[in-house]
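*Asks:* Take a look at the following structure, please.
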Amino acid sequence: MAKYGEGDKRWIVEERPDGANVHNWHWAETDCLPWSKTFFTKSLSDLTILDCQGNLSIKTKKVEKVDGEAYVNVRKGKIIPGYEISLSLSWEGEAKDGEGKTLLKAEGNLEIPYISDENADEDLEVKVTIKDEGPIGKALEEAMLAKGKPLVLEKVSDFVKAMAKGGPVKDELEAKKSATKNTTTTSSSNSNSAAMSKEKVGVEKEAKTEVKKEGKKGFKTITISEKFNCRAKDMYEILMDENRWKGFTQSNARISKEVGGQFSIFDGSVTGINLELQEGKLIAQRWRFGSWSDEIDSTVRLVFNEPEPGVTVIKLTHSDVPEEDRYGNATVVENTERGWRDLIFNKIRAVFGFGI
């Protein structure tokens with residue numbers, strides 16, 4: 001993920017004297033790290049974990065640090081969050097005997113070393129430590145891990161949802177949407193007609209681009225055409241061989257070569273079933289990502305053409321891709337398209353020398 005402020009300058013909006021981002025065409029990027037620090041400080045400081053349960057009392061003290069980067073990109077009113085942060089907070093615990101006498105007071109630390117927009121659907125690593133290594137200290141540490149970890153992860157989930165809605169720019173975006181709606185309602189019929197004509201032209205132009213994103217409401221279809229310097233059967237074998245997948249993705253993969261067989265790639269992040277297989281000609285599969293809602297599946301069709309010996313053209317059609325994941329992140333289509341290009345097609349070119 002690119003660092004905040006280091007994106008391609010062609011897509012980052014420079015500050016204008018009037019503060020305008022004409023047509024919201026370019027990226028408008030907001031640094032969200034200060035907001036993230038404030039969010040976690042408010043939600044995780046002085047949080048009661050246990051209140052004299054089993055003679056144990058535990059509460060968080062304060063957030064010690066939130067390091068890394070966090071930002072929100074907005075283009076044409078669409079929110080695209082990005083973050084890679086680490087979180088550390090201090091906590092304190094007290095153990096008493098049956099008569100209410102204090103046996104031990106100790107302090108500890110809880111750390112989440114990596115929170116990112118790319119692992120929001122995964123089990124985050126949480127480290128809990130305490131400054132007392134005795135048996136009572138160990139009991140406090142285990143209680144913090146058992147009871148405190150779920151509460152902290154709940155607050156992290158709240159952060160993920162808040163970032164998906166725009167983080168610090170949420171109110172500004174909602175105000176703009178409201179203003180736009182009011183303006184549209186009061187505009188003249190001539191203006192509406194002109195806007196519709198411009199929109200039609202825009203759609204026609206977009207339809208000529210290489211990647212098309214059209215589909216039923218709430219879902220998109222991604223279409224990509226890629227050319228490779230190899231035979232069609234070579235590309236087919238690479239995409240259906242789990243050992244080669246492991247090689248060019250540097251991740252675990254299990255792939256059945258039978259129709260109706262299952263596959264799992266990118267360490268289990270993507271799973272599915274083979275629907276139709278024609279060696280050197282077609283791969284049709286049902287795909288789903290772990291971050292998608294449980295009831296959602298998409299369909300992938302890879303059609304192989306060999307217009308001349310040693311040159312293969314693959315046409316990808318990835319349909320029913322949801323616009324949002326289960327956490328409300330509206331980056332699914334962009335991330336899926338980028339994954340096909342950067343993590344699959346371009347990696348195959350680089351590793352197997354099939355580039356053109």
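Any Cβ shown, glycine's included, is placed from N, Cα and C.
Pulled from TrEMBL, these are the listed features:
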- 180-196: compositional bias 'Low complexity' (COMPBIAS)
- 197-209: compositional bias 'Basic and acidic residues' (COMPBIAS)
- 29-165: domain 'Activator of Hsp90 ATPase AHSA1-like N-terminal' (DOMAIN)
- 175-209: region 'Disordered' (REGION)
*Asks:* Considering every residue in the domain 'Activator of Hsp90 ATPase AHSA1-like N-terminal' (29-165), what is the mean pLDDT value?
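*Replies:* Its mean pLDDT is 90.
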*Asks:* By DSSP, how many residues in the domain 'Activator of Hsp90 ATPase AHSA1-like N-terminal' (29-165) are helix, how many strand, and how many coil?
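*Replies:* Helix (H, G, I), strand (E, B), coil: 42 helix, 67 strand, 28 coil.
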